[in-house]
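Everything below concerns the one structure shown next.
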Amino acid sequence: MSAAGAADVFHRARGRTLDAFSSEKEREWTGPFYFVQGADPQFGLMKAWSTGNCDNGGDEWGQEIRLTEQAVEAINKLNPKPKFFVLCGDLVHAMPGTRWRKEQTRDLQRVLKVVDQDIPLVLVSGNHDLGNAPTAETVEEFCQTWGDDYFSFWVGGALFLVLNSQFLYDASKCPALKQAQDHWLDQQLSIAEQQQCQHAIVFQHIPLFLKSIDEDDDYFNLTKTVRQELADKFTRAGIRAVFSGHYHRNAGGTYQNLDMVVSSAIGCQLGKDTHGLRVVVVTAEKIVHRYYSLDELSKRGLDDDLRELLKE
């Protein structure tokens with residue numbers, strides 16, 4: 001697919017916002033709605049993991065293609081339609097500059113372009129998209145392929161912030177880019193606090209924590225210092241939930257009024273969960289989410305209790 005063709009298909013983020021939604025129209029609360037969250041399609045990991053060669057493996061990704069096609073098919077069948085479909089990072093397995101990256105990216109774009117055009121895509125960067133220690137070059141490559149690496153948008157009276165969590169993990173090779181996101185985030189959190197939006201929600205790849213704010217540092221979470229500072233900023237600004245991936249298992253916990261939601265993968269499972277998607281219903285008072293296996297969502301769609309919430 002050409003770059004121009006990709007731009008036509010994906011509602012890509014530019015200028016730190018998402019052109020799929022008019023921020024002025026969307027600032028007013030108009031009633032309950034829902035969106036779908038997925039994470040880690042990570043084309044190539046299943047083969048790499050099965051052979052024990054996660055650094056250089058991943059020369060096949062037919063399984064991930066089929067799973068992501070099933071996810072897209074399930075989303076397209078949903079009625080009513082979700083407001084958007086967010087993918088929380090690790091779009092492909094091949095790191096920047098490595099073999100198979102172009103092919104994996106091409107195949108993922110081919111699958112994602114089938115998403116109903118009335119369901120905008122929201123794309124979040126992960127460590128495999130940018131490298132564990134991103135550089136200005138890897139960030140630029142992501143932005144050229146998928147749109148801005150961090151941005152905000154309004155939907156139905158709720159403010160959504162998309163973060164580049166690699167800057168929070170290791171920004172040693174691009175400190176100026178991290179500082180720019182930090183400054184932008186402070187501005188956005190100030191807006192969330194002052195405008196008293198109905199809800200404010202964050203999307204990022206790496207979770208703040210997996211279960212508890214005071215858990216030990218791990219590959220799958222942010223360091224204690226970073227997570228505590230960020231969690232405090234979020235709670236002060238009234239952020240209600242953070243949705244992430246990265247762990248390839250379902251997990252999560254709470255800190256004060258903040259819900260940290262960790263969703264398992266569309267692709268490779270590292271625990272006992274199933275390949276799946278999370279449905280998130282936003283009502284005037286609360287945010288209700290439920291993880292569905294791809295088979296469940298394909299066969300039965302939204303559960304009746306979630307449908308009832310949409311009528312409130």
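Backbone N, Cα and C define each Cβ position, glycine as well.
What Swiss-Prot says about this protein:
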BINDING   Asp90  divalent metal cation 1 binding site
BINDING   Asp90, Asn127, His246  divalent metal cation 2 binding site
MOD_RES   Ser2  phosphoserine
MOD_RES   Ser293  phosphoserine
REGION    47-250  region 'Catalytic'
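Structural mapping of features recorded in Swiss-Prot.
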{"residue": "Asp90", "record": "divalent metal cation 1 binding site", "Cβ neighbours (10 Å)": "27"}
{"residue": "Asn127", "record": "divalent metal cation 2 binding site", "Cβ neighbours (10 Å)": "20"}
{"residue": "His246", "record": "divalent metal cation 2 binding site", "Cβ neighbours (10 Å)": "27"}
{"residue": "Ser293", "record": "phosphoserine", "Cβ neighbours (10 Å)": "16"}
(request) Return one of helix, strand or coil for Ser293 (phosphoserine), based on DSSP. (result) strand
(request) Compute the C-alpha separation of Asp90 (divalent metal cation 1 binding site) from Asn127 (divalent metal cation 2 binding site), stating it in Å without decimals. (result) 6
(request) Quick one: pull the CA-CA distance for His246 (divalent metal cation 2 binding site) versus Ser293 (phosphoserine), whole Å only. (result) 17
(request) Take the C-alpha atoms of Asn127 (divalent metal cation 2 binding site) and Ser293 (phosphoserine) and report the distance between them in angstrom, rounded. (result) 24
(request) Excluding Asp90, Asn127, His246, please set out which residues of the same chain place their CB within 8 Å of the center of the CB atoms of the divalent metal cation 2 site, keeping sequence order. (result) Asp40, Gln42, Gly89, Gly126, His128, Asp129, His205, Ile206, Gly245
